[in-house]
Amino acid sequence: MALIVHLKTVSELRGKGDRIAKVTFRGQSFYSRVLENCEGVADFDETFRWPVASSIDRNEVLEIQIFNYSKVFSNKLIGTFCMVLQKVVEENRVEVTDTLMDDSNAIIKTSLSMEVRYQATDGTVGPWDDGDFLGDESLQEEKDSQETDGLLPGSRPSTRISGEKSFRRAGRSVFSAMKLGKTRSHKEEPQRQDEPAVLEMEDLDHLAIQLGDGLDPDSVSLASVTALTSNVSNKRSKPDIKMEPSAGRPMDYQVSITVIEARQLVGLNMDPVVCVEVGDDKKYTSMKESTNCPYYNEYFVFDFHVSPDVMFDKIIKISVIHSKNLLRSGTLVGSFKMDVGTVYSQPEHQFHHKWAILSDPDDISAGLKGYVKCDVAVVGKGDNIKTPHKANETDEDDIEGNLLLPEGVPPERQWARFYVKIYRAEGLPRMNTSLMANVKKAFIGENKDLVDPYVQVFFAGQKGKTSVQKSSYEPLWNEQVVFTDLFPPLCKRMKVQIRDSDKVNDVAIGTHFIDLRKISNDGDKGFLPTLGPAWVNMYGSTRNYTLLDEHQDLNEGLGEGVSFRARLMLGLAVEILDTSNPELTSSTEVQVEQATPVSESCTGRMEEFFLFGAFLEASMIDRKNGDKPITFEVTIGNYGNEVDGMSRPLRPRPRKEPGDEEEVDLIQNSSDDEGDEAGDLASVSSTPPMRPQITDRNYFHLPYLERKPCIYIKSWWPDQRRRLYNANIMDHIADKLEEGLNDVQEMIKTEKSYPERRLRGVLEELSCGCHRFLSLSDKDQGRSSRTRLDRERLKSCMRELESMGQQAKSLRAQVKRHTVRDKLRLCQNFLQKLRFLADEPQHSIPDVFIWMMSNNKRIAYARVPSKDLLFSIVEEELGKDCAKVKTLFLKLPGKRGFGSAGWTVQAKLELYLWLGLSKQRKDFLCGLPCGFEEVKAAQGLGLHSFPPISLVYTKKQAFQLRAHMYQARSLFAADSSGLSDPFARVFFINQSQCTEVLNETLCPTWDQMLVFDNLELYGEAHELRDDPPIIVIEIYDQDSMGKADFMGRTFAKPLVKMADEAYCPPRFPPQLEYYQIYRGSATAGDLLAAFELLQIGPSGKADLPPINGPVDMDRGPIMPVPVGIRPVLSKYRVEVLFWGLRDLKRVNLAQVDRPRVDIECAGKGVQSSLIHNYKKNPNFNTLVKWFEVDLPENELLHPPLNIRVVDCRAFGRYTLVGSHAVSSLRRFIYRPPDRSAPNWNTTVRLLRGCHRLRNGGPSSRPTGEVVVSMEPEEPVKKLETMVKLDATSDAVVKVDVAEDEKERKKKKKKGPSEEPEEEEPDESMLDWWSKYFASIDTMKEQLRQHETSGTDLEEKEEMESAEGLKGPMKSKEKSRAAKEEKKKKNQSPGPGQGSEAPEKKKAKIDELKVYPKELESEFDSFEDWLHTFNLLRGKTGDDEDGSTEEERIVGRFKGSLCVYKVPLPEDVSREAGYDPTYGMFQGIPSNDPINVLVRIYVVRATDLHPADINGKADPYIAIKLGKTDIRDKENYISKQLNPVFGKSFDIEASFPMESMLTVAVYDWDLVGTDDLIGETKIDLENRFYSKHRATCGIAQTYSIHGYNIWRDPMKPSQILTRLCKEGKVDGPHFGPHGRVRVANRVFTGPSEIEDENGQRKPTDEHVALSALRHWEDIPRVGCRLVPEHVETRPLLNPDKPGIEQGRLELWVDMFPMDMPAPGTPLDISPRKPKKYELRVIVWNTDEVVLEDDDFFTGEKSSDIFVRGWLKGQQEDKQDTDVHYHSLTGEGNFNWRYLFPFDYLAAEEKIVMSKKESMFSWDETEYKIPARLTLQIWDADHFSADDFLGAIELDLNRFPRGAKTAKQCTMEMATGEVDVPLVSIFKQKRVKGWWPLLARNENDEFELTGKVEAELHLLTAEEAEKNPVGLARNEPDPLEKPNRPDTSFIWFLNPLKSARYFLWHTYRWLLLKFLLLFLLLLLFALFLYSLPGYLAKKILGA
């Protein structure tokens, strides 16, 4: 369907001007070309076409706007014409002439004339035929090019372009609407895509520069909108074909986990152990007793050698277990799990210092179970991880802000059920031998299906399986497997596997992975994971059953499946659980339930699909398969599989469904004449067998010639094409984007001009493509078979692409020359997102397999995704390989394809494929090369629509191929010498030719043209021009014995010249280009070549361009590369500095004694002088030699330079020692400065002896001085201070070093209320470690600032790119905002904190520089003038050998190169002191041997790889330099992975003989040899001679005493004088008042220094030091000098190449022995912990919960005692006595604890040593946080004591105690109230009330008591002077507490207890009872005596 608008003319225009038209329909606009100088009438005559996906509604509107075009200002609207399309929809074609309307809707005179046509596919609109349909798409070339590319530079015939036109058109091209994936019909004249698109931009730039007054053209407003949408580089000539399967190859991985601590563990009085599990490996921490917040700091390493897929699916599980011991497995407190892939996808592949949330898998309603703080890192081979510095780490108290969760995952995760519904499977293969089946059949007559399938599902470390369906190829389950896990889960994939149940061993039939990210969306408008019901296809090994299947791994999902195995209908749903629901099952056990069956039609209506293929060429067939006939089989699912299909699917009868009538076929008359009965069309799925013919010694080909065999297959699948169509549209956008980005990268790499314009074009195309997707993707909305995922995914994709289109549009406006690289990075993100979205998780049609078969055996295969072959009439929906000739390289299946076996091409096919509905079959031949006749299987009436079984080509074209093979570089070393004898073999069609063999080189220059004559290509000529066949180039190593060795392969496409084209620029002659050579999946060099395919016209070869090149008579028939293609050469001089050779290994067991170096480049070269005795002095006598050579003008084409070292032996023999190829001379090229440029001497960096220095020429000195004042700042900023100055200006750099006195005066002025921590540290208390820890704080602060600025910048970029987008905030941004808010809250001190916790001021301590990496990486390997070249010998190893280049290194050549054009400018040689013998290497030192004192300081090691079974190591240092070998075995550190060594070693060495220092860390073993953990190597010689002065670091300040004493034997003034002398710099001139002038720079600084006695004396050292610290600002010779530092070096183990085994912190000082001797080494021995004693008096408790019920009275009471410890419960637990029977919760103790401990103040850790177990050889040192634990318990006599509550006080920062029990609240401990924090190390004595907490049943904290305690800290000396007794003992005893009498034991004094128990409680009741008793007694007596008295009374007695 399409709407076509033909805009003819616009008339009645006023005035004269440039006009442009804009035509808009459905939001997509096209612009016409600009018509210049139109007066009255504008004759556009342009056609615009909109392919439309859905029918046009009669109410839709077409809008046309006419503008006056302005090249500078915005365009001015003339008028608008809007047309409702009602009539167009009814009549198909409408011609219109009408007037326009202006802005105010008034009619104006101007009128337009146009024609509108509408093509509807269903034929409902007017009469039309196929001609209409095709013809309109292929209008004549000019119109079509105007429509799509009319405004794109380079897209029009160059004859029509003038400079002015080019300028206007290019400026306007931003608005050109590129239609995505537009391919022209083959009938039209093709557009010249290869023409360089930049050629026509020159006029634009010229004009822009005039406009902008010499500004950069891209800063001018018009130029800044210029966009290029056609390729500039020739990337298309380099097809990217990967031969070797990369998936499934095992790799080395290391998972390292540090468990630091746990907090808030739920439970009372726990003994927690942390279990760390990766896959099936488990490791445990030590047990911590009776604590809810244990501290571990234990490091675990897990090593794996598996494929990436297996690795990333492994689950990391961190569990906390309570009371685990040898007998008990312990009870699980909680666990946390995450897959390895989630960790690997994090920045730096790690989580650092994050808190894992624990939850109980057995009780999902239980909530949070605690937190574990840990570091998790996953390292693959070669990964470089930046680990944050380990030392002096502070506690991250903000748990919520540092959770172990990926970005965007909410901290509150909910429990959810994952329902995996398994419905049924189809097409299962036979999984049993048929022998028994045949016996059964013979006896019983049964023929059973030979498979017993069931489905197993793996998710998040759990697995569940369905029931087994016995003997069924089409099993029906209708079951669901239910998993319960937290949502969102931290496991990315779910594995679904069909398995065959077997008595012995169940085997996998097929595996499918469900990526949860692809079936859900976590955005604001996202959706929960959902899938299906949908079919998923499973692939694996071939279907023939064998008992031992060598490809069984493929069925397990490892590697690419080579055959269709089965398809499974499944569904997935997620339900978030309400954990408060009491009916909910709380277990997370996997359950299997019955699922509701679904109807067959729910996955879509079954449709008949038709697959057609034509084999146009089969070449490069491996010679192993050349002796038997070969056939090719094509299968789709089980259809077409004739050999082992076995359970062939039955053809389903088409079912009529309601709505079928509406789905009229897209092309009405496509297959009317085909019958519908079964069997009307038998499938032909394989080609007839044919015996191959020989091509050359390696390969064969099948002689198809003009008869091309065809295959066709009918198959039936649910019609879910819409899914594939949408995926294809996105793939097209992504392909276009990738091509564009590659083009931009190539432009940047090859330094082509204006990459920013090309990037704008790329973004423009992306924006249009996204818009196109929105209009096309929303079809077929009402289909009943659409699943929920289909609907949600579509919405999600539409939102993403709409957003991406808008971002691309806004990003396009921001692309400038200086931002190209940044924006390119953002565009790469777009590409990743598009590829992710295009991957459809719900399969429909299975992939197509092409198998090469010989003798009925499957040999090699290729797999093509069905979506790539799917036909659609909408261009964007068409599969990228549908109806196209595709080149396929067949490969061996499974593991056979790994390694050298996979390097050989098994076969190369040129194959045409088409897949579509049978109804659309009319189009299946439309893309084939024209000129064929069809051969049918049967002849007769009504069979004309039958597909052909072969095609006979009658049209063929004659061509000649010229392969210009110039040179190759960095080839694979195939011989044991480390060199090769390479030749290249070029394959094209069925021919091959070889270049000559060049001996012993890795960089051959063949300079040879290979001519392939008599090439016959079938098809239309112009089709071959657009898409020529692929050329294969293979590089081999010629062996005198045996066959040639394969070295690598590359692919190319030739530039095609048709007979009617002129052989002239810009397309011809072709340019030489580099092609990447691959050997398997590894790169193996580059080939510099060009290829052209020339059509031979009617007059034969006479029309071809002549072969003219430099004829070399010596080369005989070999033709060189012709002039015009070969590079233009210029004369260059190559100067070589020969310094020396190092570490040469033996050759053939003989030592190298008299080596020589040969240098060769482009056939010319030079030899070094001979080293007469390598052992005595390995340096050369003659330092500099040179030779002249002709090199290409284009630096990218420079040939490599070869360095070879030979050993000269007796009788004139010499043997090769090793060689090195410098593949790029670029870094050694010297460019004379352009003195005409302003500020040339600051902007140009010169190469002096290959050391780039600023060149300072004669310069006029300005009169004014620039004063740069360097005020003292925060230490953080101090390190960053740089003074950037112009080299010609004078400057005063004022450096004020803060003087002690000023500081002291300031301190004195401070009031007494100031906090003690702000005091100036006492100089005598400071040591080197103070300096070290202060420096680490600074480094961390800098890193934090750097990260913050980095994230701010990224956010800013994201904001910019998303500018103008109105939409909800993404969840990622929300979570980030929440985290920031939380951080702010935590950082801001509360009102109550006041002076207690202000922002900690830094003490004034001098610092050094801590480098988190090697010093070499900071200073360019110290190769400022002396370079090191590794000499290699031996064959290059392959990946699977695990070999590295290290093993091939046989020595090193030290020297340098300088390459420059001759002649040099005279002023260079005229410079002062120029010595012609040294050429460009002026001022280099002598290379005579020199004696040096090397002093190595080893500070500490971190994260060492465990070497012992217990997961620890006993490390010690070993140092080797020359013959000196030091092993510090005695001082090994027991059971430590983070040892602090603090050692220095002095070694006397002689350079150059002893220059490679090796520092290793070994593991001490009691028995057996010690194991190497890792080592690092340092080249001392490069450091010694470097201009960066790496001998002894320059300190920050100059001191003559104290901890910061100056280490260098030379003072700063002496160093400065020497540097000035060596660099021939004027100075230093010291002046009064602390001034020094060096060259034209003046530095100022303090002029006095204080000695040890406090005496001040004048000095120039401070100011000299300030000059040294800014030496890089000195003109011409300035460079950064190495500061005083500590470097961090990775430790590597040769047995585990590429994986770090830990890191070592050290630094090296070197002092020449002929200079003054240095002072004593610095003392960096580890700080000894200081001995302290903590005295804790427990006075009272209050409000303690009452646990016991009284036996007699039922009254609540508690028998209270208090327990406390500091180091650990086993080590120093102390209990008070028991306060019995407390009725009020009050307890009185007056009890003293004494805790002696050793404390490291710098690390805030207690140090303790103890044996790890009874079997340990020695004590292990532990560092634990200084935390005092106080607990209250209820004592029980017979049962275990009951735990009531606890508080843990961090002695460095704990809440100040409340003055009274009433003021003491629970919030003090939970941190909800701002309480002043105190440190016992500062306060020394603290007394107060503290709350004691425990968790209740709801897992919430509750107050269980209060304790009054007094803490008193004393040093060991003070404690000795004032001793006190433990408990209430002497000396200084505490008085006994005055406890109430209730607090005794009742059975010792029952009367007393009765008195207390009864009288105190019930006295009033007792009194009432007594009174009542007396009254009753009285009444009883009265009654008793009443009768007597009455009788007496009556009787009167």
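Heads up, the Cβ atoms here are built off N, Cα and C, so glycines get one too.
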(request) Looking at the candidate ranges 233-252, 773-792, 1253-1272, report the one that Swiss-Prot labels region 'Disordered'. (result) 1253-1272
(message) For the Ca(2+) 3 site (D1508, D1514, D1563, D1565), what does the 8 A shell look like? I mean other same-chain residues with CB within 8 A of the CB centroid.
(response) A1507, K1512, A1513, P1515, W1564, D1570, D1571
(message) For a quick check of packing: other C-beta atoms within 10 Å of the C-beta of D1508 (Ca(2+) 3 binding site), how many?
(response) 13
(message) DSSP secondary structure for D1508 (Ca(2+) 3 binding site), reduced to helix/strand/coil, please.
(response) coil
(request) Other Cβ atoms within 10 Å is the metric here; tell me which of the binding-site residues D1514, D1563 scores highest. (result) D1514
(request) Provide the three-state secondary structure of D1563 (Ca(2+) 3 binding site) computed with DSSP. (result) strand
(message) Per DSSP, what is the helix/strand/coil residue tally across the domain 'C2 6' (1464-1593)?
(response) 16 helix, 53 strand, 61 coil
(message) I'm checking region-level scores; what's the whole-number mean pLDDT for the domain 'C2 6' (1464-1593)?
(response) 89
(request) Ten-angstrom check, please: count other Cβ atoms within 10 Å of the Cβ of D1565 (Ca(2+) 3 binding site), all chains counted. (result) 14
